[in-house]
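Reading through the structure tokens given below for one structure.
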Amino acid sequence: MSWDQVWIDVNVASMDPSVSAPYGAIIDAALAVKDGKIAWVGPRGELPEFDVMSTPLYRGKGGWITPGLIDAHTHLVFAGNRANEFEKRLQGASYEEIARSGGGIISTVKACREASEAELFELGRKRLNALAKEGVTTVEIKSGYGLDTATELKLLRVARELGKHHHVDVKTTFLGAHAIPPEYKDDVEGYVDLVINEMLPAVIAEDLADAVDVFCENIAFNIEQTERVLTAAKDAGLDIKLHAEQLSNLGGSTMAAKLGAKSVDHIEYLDEDGVVALSKSGTCATLLPGAFYFLRETQMPPIDLLRKHKVPMVLASDYNPGSSPLCSSLLMLNMGCTLFRLTPEEALAGMTRNAAKALGVEDKVGVLAAGMQADFCLWDISTPAELAYSYGVGVCLEVVKDGHLVHQ
């Protein structure tokens with residue numbers, strides 16, 4: 001066999017559902033890479049013969065290899081911060097009260113409208129580096145802090161440029177319907193028209209988005225407005241997803257599922273009818289414990305119902321300046337378990353296999369199997385559960401992206 005690299009003295013948490021062991025685990029494993037893809041993975045004793053003299057051999061010292069982590073919901077391209085609102089919330093103001101008073105998303109919109117693409121790129125690069133150091137190899141980045149055509153395009157251009165200049169794969173999502181801008185506060189339908197008839201065609205013309213998202217909530221867009229935007233996006237050939245049931249149950253998840261959404265996100269107030277709709281459509285449920293924690297929410301997502309109806313659960317950081325300024329995927333693994341009572345295996349699946357499904361890239365990443373992209377991490381852990389159990393001790397030893405060692 002002729003391979004580009006071989007890894008031995010490792011255990012592999014493949015996350016491959018066809019492997020019956022928890023985590024898809026292979027103890028005392030070997031993994032071979034060829035042309036940026038996994039060429040072989042399995043028990044070391046079954047490793048085919050290869051040219052030891054000409055093949056780089058990496059020894060994992062008994063550590064664990066997992067798929068590269070996937071953060072499937074972020075807003076990491078933005079300017080400014082909202083530390084002042086953090087203080088207000090601690091003094092008793094709610095997220096909704098701050099938003100209605102012109103704070104929240106709108107304050108970040110002002111900063112983003114004023115920032116240059118170069119400034120936004122540098123800010124985004126630093127945040128992407130932080131995620132990459134924790135083993136993230138694929139990330140989704142949303143717009144939504146422009147709320148006018150020029151700034152929405154600017155944010156998406158920056159996200160695309162980050163993907164071109166960083167080893168982390170970037171999937172972009174157009175979230176023009178994130179909030180109602182001040183200039184349209186008395187004409188929400190007019191703003192929805194702008195999103196559909198001006199912003200969306202401009203985004204498509206520059207090939208700036210892989211998907212379209214909407215914030216469906218009482219303080220944002222109602223069901224009818226949301227459906228208009230998602231239908232237009234679907235008709236244009238883009239994937240669709242939705243912020244839904246975060247603060248109340250408007251039925252957005254059921255509507256999005258009927259349209260074939262890749263995921264619905266937040267879903268603290270999702271009911272069983274909505275869960276059943278997700279199950280029937282194959283739509284993923286994206287859990288965002290960072291926002292739940294930071295906003296000090298008490299309504300938990302319906303984890304038991306999602307399990308009962310076998311809805312794929314995704315775990316993501318929701319990194320953003322207002323409700324989850326927590327740029328750490330490993331922290332989300334811990335929070336997913338401690339706050340939402342996920343098992344460590346469910347949490348890891350939520351940042352690998354299921355996250356890939358939510359982004360429509362499950363044929364490329366998310367599990368370690370022959371033919372998949374060689375995106376994986378070596379961890380200094382004795383069991384995969386440690387990734388969720390412990391935090392902050394620097395257990396990510398090495399990251400391989402497309403067969404290239406990018407972090408050591």
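Glycine is no exception: its Cβ is also placed from the backbone N, Cα and C atoms.
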Recorded Fe(3+) site member, picked from His243, His404, that accompanies His73, His75, Asp318 in Swiss-Prot: His243
Candidate from Ser2, Ser323, Ser328 that Swiss-Prot assigns to the same 4-imidazolone-5-propanoate site as Arg82, Tyr145, His178, Gln246: Ser323
Among Arg82, Gln246, Asn320, Gly322, which are recorded as binding-site residues, the nearest neighbour of His75 (Zn(2+) binding site) by Cα: Asn320
Cα-Cα distance linking Gly322 (N-formimidoyl-L-glutamate binding site) and Arg82 (4-imidazolone-5-propanoate binding site), given in Å to the nearest integer: 6
Candidate binding-site residues His73, His243, Gly322, pick with smallest Cα gap to His178 (4-imidazolone-5-propanoate binding site): His243
